[in-house]
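Taken from TrEMBL, the feature ATP binding site covers Gly113, Gln114, Thr115, Gly116, Ser117, Gly118, Lys119, Ser120. Under the heading domain 'Kinesin motor', TrEMBL lists 6-368. Taken from TrEMBL, the feature region 'Disordered' applies to 431-451.
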Amino acid sequence: MSEGESVRVAVRVRPFNAREKERNAKLCIRMEDKTTTIINVEEDKEKKFTFDFSYWSHDGANERPDGYNEPAGEGMGTDGATYADQDAVFKDLGQGVLNNAYEGFNSCLFAYGQTGSGKSYSMVGYGTNKGIVPVSCDAIFKKIDEMKASPDAGKFQYQVTIQMLEIYNEQVRDLFAKTNPTGGLKVRMNPKSGVEVVGLTEWPVGSYREIDERIETATKNRTVAATQMNATSSRAHTVVTIAYTQLELNAKGPGKHSEKKAKINLVDLAGSERAESTGATGDRLKEGAAINLSLTMLGNVITALAEKSNNPNKKVLVPYRDSKLTCILQDALGGNAKTIMICALSPADINYEETLSTLRYADRAKQIKNKPKVNLDPTEVLIQQLKEENERLKKMGGAGGGADEEEVRKQMEKEIADKLEQMNKGWEEKLKEAQERAAAEGADGGNENKRKETEAHILNVHEDPVLSKAIVYFFPDGKETAFGNRNSAGGEDILLGGLSIRPDHCRVKNEGGKLSLSVREQCKVLVNGQEMPAGTTELNHNDRLSLGTNYYFVVVNPPQVASPPEGGWPDVDWDFVNREIAKAQGLSVDVNWSAMTEEEKRRALLNDELVQVMPRVTEANALALEMKRGISFETKITPVMTKHQGMISQVMVKVRKTDTGIEWLWDKVKFINRVYIMREHYEKMQEGTLDLSTMAQEEDPFWDPNDFMNMGYSTVFLKPIAYCMNIDDDYSIYHETQQDGVVKIKIEPCRPDGTRISEEDEGPYDDIDNPKDLIGKRLDVLVNIQYARGLNNKYSKEVYCEFEMFKAPNPQHEEGKFQTATMSGTTNPNFNYSQQVTWQSVDADVVQHLETGSVYFHMWGLQDDHSGGSAPTKRKLLTAQEAEAIQHDLKKKDEALEKEKQRLYSLCDQCVAGAQGNEATSGFLCAIADTLADAGVDVTRLLELANNVQPMGGGG
């Protein structure tokens, strides 16, 4: 064992998926030996990375009759690559993990990559293509059987336990438990035994079949929790921990055993999407979501560990405790473990940025060095430590302290006592207890499988294929089955949580194998994508049933299975269900990609984005309604100006405040990020751990400050400038394809000093007969934005116009844009703006742009927020001198106001004194009171006196 062993890193590229094939995606990955090359197809540039293993699983495979994918032959893949099958990956990675465990070393295998890149295939696999987790578990027991058959078998005992947890929203859930405490399990740092998850089930197993059953149970528990919270497994981390213990019996004398124990952590990390590639970096709550925290912190830990390994003498703080994931995996990341990371890559050029990000992550990870050691006799040491700790806690009992401290002490004492009891139990006893519990669960599962063969039922459909069809609800013959909300149960048979599920939501009746669905008023139920009105409708085998906003099911009716429609029963998955719903809402989802023009392909891509976003918009509206946020959401396709592609259409979400009418536009990634935070808040609200009325506005995922909105744009073609001629016209302002006002724009060539060129004068461009004559010369133009008329009244609070010129950026602006001053309180602003724009040396690209291109003038407006929430981001930053001058002026004004206030109070006192001396008339006092009241003076006493004063000469 060498000092400071590096983390071993492998990368694996998958085949194109159906969607990438539809889009004629180009291959952007090449592999040769240990080197992986990523190609930027658009720019024809390459980046090379070297890892311990580079696995080519993109093509070059042959499918055997049993469904297993094996190499078609040496060098049969693209560019002579050879297909790497599941067996090759296991021999390099999985077998290495097991060999480490047999020697007593802790091991860890991470799977990392964006959602859909093939992590689950490498870790779990499917069918005969089993992944590292099932093959490793099977191999452990094959090894045990081999050793039990050896001549020395009687000297040894082998023990295997399994734990399985999930980290979602920074909450740790025990996947072997049907229910978990509010807020999840606690993670605690024990200075002697290391990190521990309090209350996590450790399940003894005696065979691979028992492990398989445990994982199946965990998957079902995980599916129930995920469906109730509308969580997606792609945003959760799953950790399977297998503890392998070898006992050499009586090695230290009668009844005293020598022990070698190793832990194997198999970690499937959440999807590593690069949110910034689509603009979510601008969201103030981007890292506010707990769901993003673990991966962010894992990146920080890997960066810190890489720096520490590269600079051994430098003190580097590694932030393990910043997230639950990094805390739990502290040993695996930078301590006592042999660690392997497998990074899954997408081969498609449309995922270039995400794949490059994954490769860079992997490149950092390979710099980390761990110092693993053999774990000898850990149980014996731990028992002694626990006994000492227990005695210490007992002695603390009489040492005083508050009631809370005493409660904590008792709880810890109980935990330690329970641990000691388990550790002092014999292995055979613990294994027998576990097998009895599993048998009881298995009896239920076996009964369930038999019922599935004959009885009508529904199976869940989930975004993650692993979690699909894990939940089953039966419809017994001759019975009506009612669905209701678990938070307001009223005797229904099936209780569901989550959004938009009402009491007695709907009912399904089974009469002799014929199913009928009854829906109540205002209860959301979809069948095959169509919303069902109140009443009764027929249900058939393979129908898709959607309840509320979270629940998607497929109907299974065994009597009808044998009578499929022409073409057979379609395979129902998450994509199928959502495309069907989108189609019912009028979107085109059945397209022939190969027969499309480029414009049609762009529209189809937008359509696909809408299909992805619309279910979340429905969910966001339901969340806003249940949480009483007064916000509505709707999808929009909006033209957006980009630097490299010009004006393009993007799927956006319009957010509207229902009380004031204020609107925002969120891009897709920002919106999805916000939905995750909305879910977190909803869950906390349901648990009673979040009071929405006291939540700070800045933490509210439904809120954004009132910011400038794009009111529309005008397109000005620049061809006259290419011939050094003037442009001068009123241009229509278009907002979402509708004309919404006009803007007066003039663009004219000018002299270098900014002065205009009259027709009579000789100018610097008199010799320009052809646009190409401009190449190599300086070109100056004056851009005049004189006024805008007929703007939308909604945005009249503040208005400005903005533009940018190709290859002539504004050096005073961060993004190179030019903009007018802001006009307030008008829909017909007079900007009277003039700006010189200069190309110091015109090149061929500029000439082409002038001849064929255009400049977009964007109108921006601030809405009137009657709730007082206006907080525009377009503001001038003050210098220290300006701020000091303003403070000085304010101080002088405050002093003047204070003097005026004192003078007015003095006048009031004089009036009161005069009235008491009967020296003023009632009318005069009332007039004085009105003047003083306008200045903010309390005139109550003065008015009382005015009402009671006797008129002059009227007294007796």
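Cβ atoms here come from the backbone N, Cα and C positions, even for glycine.
What you see is a predicted model, and the numbers here were worked out from it, not measured in a lab.
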| task | Quick one: of Gln114, Thr115, Ser117, Ser120, which of the binding-site residues has the smallest count of other CB atoms within 10 A? | result | Thr115
| query | Looking at the binding-site residues Gly113, Gly116, Gly118, which one has the fewest other Cβ atoms within 10 Å of its own Cβ? | reply | Gly116
| remark: Same-chain neighbours of the ATP site, Cβ within 8 Å of the mean position of the Cβ atoms of Gly113, Gln114, Thr115, Gly116, Ser117, Gly118, Lys119, Ser120 and not counting those residues, run in sequence order as Arg14, Gly271, Ala344, Ser346
| message | Let me check the 10 A CB neighbour count of Lys119 (ATP binding site). How many other CB atoms are there? | response | 26
| remark: In the domain 'Kinesin motor' (6-368), averaged pLDDT is 83
